[in-house]
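Annotated features in TrEMBL:
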TRANSMEM  20-39  transmembrane segment
TRANSMEM  60-80  transmembrane segment
TRANSMEM  86-112  transmembrane segment
TRANSMEM  119-139  transmembrane segment
TRANSMEM  159-179  transmembrane segment
TRANSMEM  186-207  transmembrane segment
TRANSMEM  227-244  transmembrane segment
TRANSMEM  251-275  transmembrane segment
REGION    316-346  region 'Disordered'
COMPBIAS  336-346  compositional bias 'Basic and acidic residues'
Amino acid sequence: MALEGGSWKESYKGMSADNIKGLVLALSSSVFIGASFIVKKKGLKKAGASGIRAGSGGYTYLYEPLWWVGMITMIVGEIANFAAYAFAPAILVTPLGALSIIISAALAHIILREKLHIFGILGCVLCVVGSTTIVLHAPQEREIESVKEVWDLATEPAFLFYAALVIAAVFILIFHFIPDYGQTHIMVYIGVCSLVGSLSVMSVKALGIALKLTLSGTNQLMYPQTWVFAFVVITCVLTQMNYLNKALDTFNTAVVSPIYYVMFTSLTILASVIMFKDWDRQSPTQIVTEMCGFMTILSGTFLLHKTKDMADGSPSLPVRLSKHTDEDGFGTEGIPLRRQDSSRAP
């Protein structure tokens with residue numbers, strides 16, 4: 001179908017220079033973050049073999065060099081992601097995390113031997129198609145000249161109400177649901193990570209804008225709002241890291257990654273729409289197209305999740321790692337607890 005007003009090249013040239021910078025940085029970020037999931041999981045397995053597992057409240061992984069390699073890889077990816085938010089709107093940057101799903105799932109299949117079914121591959125393809133659709137219809141970045149403008153946006157009633165709901169939900173999950181359901185329900189740990197993540201992205205974007213303006217000659221470090229955003233970023237990132245480690249150590253990596261992506265992306269886009277009013281600068285057609293792209297991503301992640309443990313038409317089995325299971329998926333009596341891992345070499 002032909003594009004109105006000219007060819008696809010003219011449409012592509014319509015992307016601002018900042019949006020293109022944000023796009024490149026976001027893609028680079030996804031490569032590093034996708035790989036970090038696998039390296040960290042290997043480190044968590046090694047640490048769990050000689051101490052208390054992270055999923056059971058242990059922190060022996062902090063003494064495992066392989067986990068730190070994964071952590072450094074993730075930090076590099078997050079730095080690139082941090083920079084991307086300074087140049088492009090969250091509704092463009094965040095969905096590109098779909099690439100990290102593909103990398104994580106593929107490496108888990110090859111390195112961790114967590115089997116990826118053919119429908120999982122189709123799910124990855126759908127993620128790419130949906131992300132491409134969103135990128136091609138993303139809004140231009142909002143022009144902001146001071147961190148005070150971001151602070152005014154963050155203290156509007158609509159976003160304050162959203163932030164209050166998120167904080168309340170996080171406390172309920174941590175103190176009520178995690179003690180009873182953290183080891184059996186994957187959505188509990190990931191729910192905390194995703195809710196906190198939506199606030200961290202808004203703060204990261206604010207801090208990124210402040211640093212970008214400072215480097216361009218307009219000092220923003222003298223404003224207390226910049227340091228408030230920095231404090232929120234540190235608090236949120238530490239919380240996300242803690243509960244993401246628990247999720248990775250308790251559940252299958254190729255399931256944690258896409259579910260976390262879907263929840264995190266959905267909540268981040270919602271937070272961005274409320275705080276930065278991204279959709280105010282778009283036509284109804286663009287908004288509907290973006291939503292169609294996002295629904296395509298959701299379909300892909302659903303396929304990847306539901307068929308992760310299928311093979312040859314067999315129904316999926318639970319993906320939670322038993323507290324009495326070794327890293328090869330066997331119980332203490334040698335009974336295979338996860339069919340997809342039962343053929344691993346010791």
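Glycine is treated like the rest: Cβ placed from N, Cα and C.
Residues of the same chain lying 6 or more positions beyond the ends of the transmembrane segment (251-275) and with a Cβ under 8 Å from any Cβ of it are 34, 37-38, 41, 89-91, 94-95, 97-98, 100-101, 104-105, 108-109, 112, 114, 116, 120, 123, 127, 153-154, 156, 158-159, 162, 166, 186-187, 190-191, 193-195, 197-199, 201-202, 205, 244, 294, 297-298, 300-301, 304-305, 308-309, 319-321. At the 8 Å Cβ cutoff, the transmembrane segment (186-207) and the transmembrane segment (119-139) share fewer than 3 close pairs (sequence separation 6 or more) and do not count as touching. By the count of Cβ pairs under 8 Å, the stretch nearest in packing to the transmembrane segment (60-80) among 20-39, 86-112, 119-139, 159-179, 227-244 is 20-39. When the stretches 20-39, 119-139, 159-179 are ranked by Cβ pairs under 8 Å to the transmembrane segment (86-112), first place goes to 20-39.
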